[in-house]
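Below you'll find the structure, written out as structure tokens, and then a few comments.
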Amino acid sequence: MFRSNLEGSGAAAVGVANPPSLAQSGKIFQLQDNFSAFHARGGLNILGLQDMYLDTSGANSSATLSPPITPVTPDPSTSAQSTHFPFLADSAATANSLLMQRQYHYHLLLQQQQQLAMAQHQLALAASAAAASASHQQTDEIARSLKIFAQVTTGAAENAAGSMQDVMQEFATNGYASDDLGRMSYGSAPPQVQMPPQQQHQQQQGLHLPLGRNPAQLQTNGGNLMPIPLATHWLNNYREHLNNVWRNMSYIPAAPNTMGLQAQTAATVSTNLGVGMGLGLPVQGEQLRGASNSSNNNNNNNKVYKRYNSKAKEISRHCVFCENNNEPEAVINSHSVRDNFNRVLCPKLRTYVCPICGASGDSAHTIKYCPKKPIITMEDAIKAESFRLAKSSYYKQQMKV
């Protein structure tokens, strides 16, 4: 139809150039009416075959040139407000939400890392503080132990008497008592009652006085008092001697004749001690040794060993070890080899160290009496017996000369 109209318009144009005849004038008029109707309907003006344009400003045009509205084509009023790509808009919103979530998780991770670093720093500070406190405590313990050791070894001014106490006790009981310090533990003594300084000073002054003296006589007889260190040594020796006497008396067997022996021993000790105490002098070591040896000798007399068909064996009252080593008579008779508790008393034997088991001190012994010695054959026994006989004969010859 559009083609036919164009052909008609072309014919009309030809007719205008070449005036048609009257026979064709009716057709031309009819053709012009068709073009006017078309122009009124669509607003299309044809000026020529080469130039074609759309006239949308015609006054007679009641329609607007716009694309047809289809279900696929969006509404122009709404398309201007929204994007042309709804799927891309949804993906952009999703991307923004994902980006926000990523940023939130990143900041949360940074915060957790900062908290972890702070906790590690606090733990390191606590560990360093604990190590420093432990080192300070160890240093304090070492310093305290060194201080105590220095006080014990060197002896401070206030503990000067205590440092000499051990020396005096060792000198007084050397060779006559064992080195067991547990028997003279003074820690079990009852605690002293707290007194005013004045009464305590008077009591100390009264302790330094001889027996039978009154502390009120200090002002009149101040020149006859004992020095404080000397009185302290005397008190310590007296206490040690009382411990020895009480221990020896407590282990005496219950026999009818032991009461007289105990009374005799107590009388001897009291007379010997009364000399020193009456004069205000410290007890001599000889008096202590005499009292302890008398009790030891009495205990040895009460012991009767029944061996070899109940034959009584005499207990030696001298040191056999010193006798075998050709010591002087005074040394031999001054002590015995062992005490009532089977502890070594001989000072020379106490210093001997057994080459087999390494025993010394209270359990010191020679190789002959070593419990860990190897089995001796008959040849070894014969050699030892011959050596013993030769040695005894040699000593006898020396004694005769």
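Cβ atoms here come from the backbone N, Cα and C positions, even for glycine.
Same-site candidate for Zn(2+) 1 binding, as annotated by Swiss-Prot with Cys319, Cys322, His335, chosen from Cys346, Cys354: Cys346.
It is 318-372, from the ranges 98-152, 318-372, that Swiss-Prot records as zinc finger. Looking at 181-207, 289-315, the stretch flagged in Swiss-Prot as region 'Disordered' turns out to be 181-207.
Within the same chain, residues at least 6 positions away in sequence whose Cβ sits under 8 Å from that of His365 (Zn(2+) 2 binding site) are Val344, Leu349, Cys354, Ala359. Averaged across the zinc finger (318-372), pLDDT in this predicted model comes to 87. Each of the binding-site residues Cys354, Cys357, Cys370 was ranked by the number of other C-beta atoms within 10 Å, and first place falls to Cys354. The residues near the Zn(2+) 2 site, meaning same-chain residues not in Cys354, Cys357, His365, Cys370 whose C-beta sits within 8 angstroms of the mean position of the site's C-beta atoms, are Pro355, Ile356, Gly358, Ala359, Ala364, Thr366, Ile367, Tyr369, Pro371, Lys372, Lys373, in sequence order. DSSP labels the residues of the motif 'C2HC 1' (319-346) in these numbers: 10 helix, 2 strand, 16 coil.
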